[in-house]
Amino acid sequence: MDTQSWKDVYKGMSSDNIKGLVLALSSSLFIGASFIIKKKGLKKAGASGVRAGVGGYSYLNEPLWWVGMITMIVGEVANFAAYAFAPAILVTPLGALSIIISAVLARIILREKLHTFGILGCALCVVGSTTIVLHAPQEREIQSVKEVWDLATEPAFLLYAVVVIIAVLILIFHYLPQYGQTHIMFYIGVCSLMGSLSVMSVKALGIALKLTLSGTNQLIYPETWAFTLIVIVCVLTQMNYLNKALDTFNTAVVSPIYYVMFTSLTILASIIMFKDWDRQNPTQIVTEMCGFVTILSGTFLLHKTKDMVDGPAMLPVRLPKHGDDENGFGQEGIPLRRQDSLRLP
C-alpha cells in the first residue's frame, strides 16, 4: 500500500467519533463514581437503620444514596448519547473503564485494597481501550431514521434478530426453569442476546433524536417509535434476567461473563447491521480485536483479584449462595453473592 493510501486509511477520528468518545468516557466516569457514592450512602444508612443486604430500605431516606443514583442516571444518559455519534464497536468496550474508575475510587475513598494484579488489570483495560479508540471505524453518515430501519431490515440482520429471539425463547421456556439456579450461562445468555438488540435500537433512537435536535424531525416517522418499543421490551427483559443472575450468583462471576458476552454480541450485531468492518482494512480489524482481548484480560484480572490482598497467602473463603445456608455452595461450586447494580447498555 503506498503512502497516500495509508494517509487515507489513518485520517484520524471524525468529529462525531470524538463526540461519542467524550460521551462514552464521561459515562464511565459518572457510572464508576456512582457505585462508590451509592456504597457510601448504603453504609451510612445501614449504620442507623436496617441494611439493604437483609431487606431494609432505609437507604431511600439517605441523600447520599440518591446523589449516587442521579450520578448513575447521568452516566447512562451520556452512554445513550454516545451511540448516536460513534459506532458500537467504539462505545461498548469502553464500558470497562467504569470498572477501573470504581476500583480506583474504592481504594481512595473507601480504603478498599487493590491487589497488584488488579492494578495490572486496570492498565490492560486502558491499553486495550486506547487501541480500540485509535483504530475504530468512522461513524456511518445517516440522514434519516428510515436509513437505519432499512439497515435493520436487510436479510443478514433480520436473520441475526430471528436467531436471537428464538434462542432467547428457548432459554426462557426450556432451560431456565430446569437449570437457571445452577448454571449461570443461561441467565447471562438471555441478558447478552437481548442486550445486543437493545444497543442497536438505542443507537437508532439516538440517531433519530440527534437529527431531530439538529432540525430534521424524525418523530413523525413510525420507525422511530418502533425502535422505541424495541428498546423498552429489550431493556426490561435484560434487566429482569440480569437481576435474577445477580440475586443467584456471585457478582465476581456474573460481571466478567456478562461483559464478555454482551460486548461480543453487541459488536457482532453492529458489524452485521451497520457494516462497520466494510470501512476498514484487515490491519485495523485485527488491531481492534487485539484491543478487545486486552480489555477482556484486564477485566478478568480485576474481578479475579478484587477480594485478594497483597501479602502472605490466605485460605480462600467461599460465600454462601443466597437463600441456601445448608451447604454454602451452588451445584457448580461457585461462591455466590449479591450486588445492587451493574451497568446496562
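Residue numbers in this text run from 1 along the chain shown.
For all residues, glycine too, the Cβ spot is worked out from N, Cα and C.
According to TrEMBL, the features are:
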TRANSMEM  20-37  transmembrane segment
TRANSMEM  64-85  transmembrane segment
TRANSMEM  91-110  transmembrane segment
TRANSMEM  117-137  transmembrane segment
TRANSMEM  157-177  transmembrane segment
TRANSMEM  184-205  transmembrane segment
TRANSMEM  225-242  transmembrane segment
TRANSMEM  249-273  transmembrane segment
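In summary, the transmembrane segment (91-110) lies against the transmembrane segment (249-273): three or more C-beta pairs, each 6 or more positions apart in sequence, are under 8 Å.
Put simply, of 64-85, 117-137, 157-177, 184-205, 249-273, the stretch with the most CB pairs closer than 8 A to the transmembrane segment (20-37) is 64-85. In this chain, the transmembrane segment (184-205) touches the transmembrane segment (249-273); three or more CB pairs sit within less than 8 A of each other, excluding pairs fewer than 6 residues apart.
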